[in-house]
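According to TrEMBL, the protein carries these features:
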- 4-137: domain 'Alanine dehydrogenase/pyridine nucleotide transhydrogenase N-terminal' (DOMAIN)
- ARG15, LYS75: substrate binding site (BINDING)
- HIS96: active site, proton donor/acceptor (ACT_SITE)
- SER134, ASP198, ARG203, SER220, VAL239, LEU240, VAL267, ALA268, VAL269, ASP270, VAL298, ALA299, ASN300, MET301: NAD(+) binding site (BINDING)
- ASP270: active site, proton donor/acceptor (ACT_SITE)
Amino acid sequence: MIIGVPKEIKNNENRVALTPAGVAEIKKHGHTVYMQANAGTGSGFSDADYTSAGATILPTIEAVYETAEMIIKVKEPIAQEYNLIREDQLLFTYFHFASSEELTHAMIARKAVCLAYETVEKADRSLPLLIPMSEVAGRMSIQEGAHYLEKPLKGRGILLGGVPGVPPARVLVLGGGVVGTQAAKMAAGLGAHVTIMDVSLARLRYLDDIMPPNVDTMMSNEYNIRERIKVSDLIIGAVLIPGAKAPHLITRDMLKIMRPGTVLVDVAVDQGGCIETCKPTTHENPTFIIDDVVHYCVANMPGAVPYTSTLALTNATLPYAIQLANKGWKKACQENRDLLSGLNVVKGEVVYKGVADAWGLSYTNVDDYLEMATV
Ligand SMILES: NC(=O)C1=CN([C@@H]2O[C@H](COP(=O)(O)OP(=O)(O)OC[C@H]3O[C@@H](n4cnc5c(N)ncnc54)[C@H](O)[C@@H]3O)[C@@H](O)[C@H]2O)C=CC1
Ligand SMILES: CC(=O)C(=O)O
Ligand SMILES: [Mg+2]
């Protein structure tokens with residue numbers, strides 16, 4: 001198969017979808033890899049590293065989309081890429097369709113095969129291509145939150161760990177999955193007092209067992225959230241309903257009961273955000289303030305630490321990319337249900353229920369679709 005890797009063009013997105021080691025692995029299976037010039041520069045890989053691994057460098061993004069049967073990317077295509085996408089082309093990347101109606105309609109219109117990293121799901125319900133980036137974003141959420149709690153950045157001016165004789169800050173983590181667990185570990189390590197909320201009692205039980213003593217757990221419901229946000233300095237949004245729009249756990253009216261300078265880091269912004277007032281921001285301009293509450297809502301947090309993120313992401317994506325290249329998307333999805341659950345929009349049909357529901361679109365069951373599909 002002919003594989004193309006474009007350079008990411010989202011704001012401050014420095015990750016790349018294949019490392020030179022990944023190129024060498026794919027080549028061993030007899031495939032051809034085209035890299036856009038400078039695609040890996042932000043992650044520390046030069047064009048020469050890629051050519052020595054067996055890739056061919058193409059000068060422009062247009063040339064990559066024009067040449068490749070499968071495009072492997074990191075972030076969702078942005079508007080200037082839409083028209084480059086060809087009918088039947090396989091796109092293997094993050095899409096987060098439930099947070100963008102425009103992207104959903106654009107991909108339906110392009111009639112491409114959109115296999116989304118974030119909904120590839122194993123039999124145990126884990127999300128193997130989201131986990132590594134959630135680990136990064138969860139850990140980062142605390143270092144970003146600590147930074148924006150500083151007074152010159154409009155935060156409350158409180159040190160997460162406190163000092164002897166002065167109590168630490170209070171951190172509230174909404175959602176105790178991968179992001180929430182990593183955030184809680186980092187905040188606890190810095191000495192903050194941490195509360196994790198989740199709707200899964202089993203998950204809370206597990207977290208209670210493994211977390212240090214300065215972390216407590218609480219059932220997530222509106223009453224508890226209202227009580228806790230009054231006394232929290234830093235709040236991390238980390239809920240997920242896979243493939244669907246995130247529920248708004250903090251609504252606009254709740255900002256009024258928070259203290260001025262409270263910092264909200266809504267990591268779930270890529271699925272629409274679990275804080276009503278969160279709108280996607282960029283690394284260039286990460287925060288905005290409403291009712292004296294600082295909102296940090298960067299939708300590609302791991303893009304700022306590409307030396308870590310590119311390796312972590314490609315460790316997870318490469319085995320799946322090789323299956324897609326070896327078998328073609330249809331056979332690979334039929335033989336591996338992890339990949340099947342990644343199909344979101346296929347040749348104009350929405351085959352992922354959470355996406356269809358988010359935008360009121362008609363939905364075709366993915367198994368039925370594959371039965372009917374001829375290619
Ligand atoms: N902004 C960014 O750069 C990044 C964002 N993310 C996003 O972070 C979000 C969280 O991802 P993961 O931690 O991997 O998901 P996960 O599936 O591991 O955890 C989500 C947790 O939310 C819980 N939950 C669901 N409804 C809830 C409710 N009403 N109240 C409290 N908890 C609830 C679930 O029980 C689960 O434990 C996703 O939207 C993901 O796409 C991930 C990486 C980077
Ligand atoms: C998961 C995601 O949105 C990211 O890594 O940017
Ligand atoms: Mg994101």
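Including glycine, each Cβ sits where the backbone N, Cα and C put it.
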Checklist entry - Can you list which of the binding-site residues ARG15, SER134, ARG203, VAL239, VAL267, VAL269 have their Cβ under 6 Å from some atom of ligand 3? => result none
Checklist entry - Using DSSP, would you call HIS96 (active site, proton donor/acceptor) helix, strand or coil? => result coil
Checklist outcome for this item: Rounded to a whole number of Å, the separation of the Cα atoms of ARG203 (NAD(+) binding site) and ASP270 (active site, proton donor/acceptor) comes to 23
Checklist entry - If you count Cβ atoms within 10 Å of each one, which of the binding-site residues VAL239, VAL267, VAL269, VAL298 comes out on top? => result VAL267
Checklist entry - Fewest other CB within 10 angstroms, which one of the binding-site residues ARG15, ARG203? => result ARG203
Checklist entry - Could you tell me the C-alpha distance between HIS96 (active site, proton donor/acceptor) and SER134 (NAD(+) binding site) in angstrom, no decimals? => result 14
Checklist entry - Tell me, which binding-site residues from ARG15, SER134, VAL239, VAL298, ASN300 are within 10 Å of ASP270 (active site, proton donor/acceptor) if we use the C-alpha atoms? => result VAL298, ASN300
